[in-house]
């Protein structure tokens, strides 16, 4: 039957012989796509009397929503915290290369930097849709400089700042602009942080707690003021203690406002977090877990010396350290590797592992009506994967933007 073109002239593509991740489970049904959106086949058949123009046999692949990385500092020699003349071509390179990892959208992340770097770099980051040119940009993640000296991790101490009398104005002056900012990581124990959290939240910016010595009540107060995320849980915060569990305690806190969910990022690379800690977090609060790579410029490159903002970093296998120390500094893991490691370490279902890198980050950013699911009318950003969760092909807006060649399978 020919397509009814009264609704749209665009071709309808039907992906057959696949298992689709929808409503938290893999379902054996076809995926229908038109004009970059996922179609409801019932509406197509009964309302439009339409059918597919193109059928693609997926050969029993899993089809899952594209991965969303909300914490990535760079990769392939590109460092988002370095103000360079060709910053735009650097961000383009990373967005192109991460398509092979299954990432269809991301938040370029800047570590603690001098104000001059924010003023130069932020105007060069623009929110944009993904496509053949690369993964979509959802806005910047600014990790610091309003963080704790004691838990600075790989952040340069001389660039750290506290909130002065006009706390929010101080933040604005430091960053220069919040136009393309999606997430700000700060330490909630800092004086005047609550007014900053309220102001950022009011502007639709997600506040994340991290690099902090906050106790649980300080963390709970920050959530009551609007914070919704924890930056790389367990890393750069007080370790869990039974009498005061610190920020980690938010996972089971009874002081979270009704109807709100606290999400937490985890670097599931086998190095930043012991598998037992990954299992504890996942079992305590499975619906809040968001996989992040925290990848640095050295991701995708040979071991050796690379940068992370103002610091020099040494890569040794999968370990990344501030040069001359044993301080961990970001990771070189790819998002698909993190998904596979998470599933292996926790024994969770395939669906759970995939949702931690797609649905949960979309919910965190409030974009789950468009991204992170394969619901009808959402963006057709999706992956084809084999049963071992290796990415075979990446699609953005229904168009194939990357495919594993037959030799590399």
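Even glycines carry a Cβ here, placed using N, Cα and C.
Counting only same-chain residues six or more apart in sequence, the Cβ atoms lying under 8 angstroms from the Cβ of residue 294 (active site, proton donor/acceptor) belong to 71, 72, 73, 109, 232, 265, 267, 272, 330, 331. The active site, proton donor/acceptor annotation in TrEMBL covers 294.
The Zn(2+) binding site annotation in TrEMBL covers 143, 211, 232.
Look at TrEMBL and you will find 154, 235, 236, 243, 272, 328, 329, 330 tagged as substrate binding site.
According to TrEMBL, the feature domain 'Amidohydrolase-related' maps to 62-401.
Note on residue 243 (substrate binding site): other Cβ atoms within 10 Å of its Cβ, all shown chains, come to 6.
Of the listed binding-site residues 235, 329, the Cβ environment within 10 Å is emptiest of other Cβ atoms at 235. Sequence-distant contacts of residue 328 (substrate binding site), defined by Cβ-Cβ distance under 8 angstroms and a gap of at least six in the same chain, are 153, 154, 235, 271, 272, 319, 320, 321. Counted within 10 Å of its Cβ, the other Cβ atoms near residue 211 (Zn(2+) binding site) come to 29, all protein chains included. For the domain 'Amidohydrolase-related' (62-401), the model's pLDDT averages out at 96.
Listed in chain order, the residues near the Zn(2+) site other than 143, 211, 232 are 71, 144, 147, 153, 155, 185, 208, 210, 231, 235, 236, each with its Cβ within 8 Å of the site Cβ centroid.
Other Cβ atoms within 10 Å of the Cβ of residue 330 (substrate binding site) number 33 in total over all chains.
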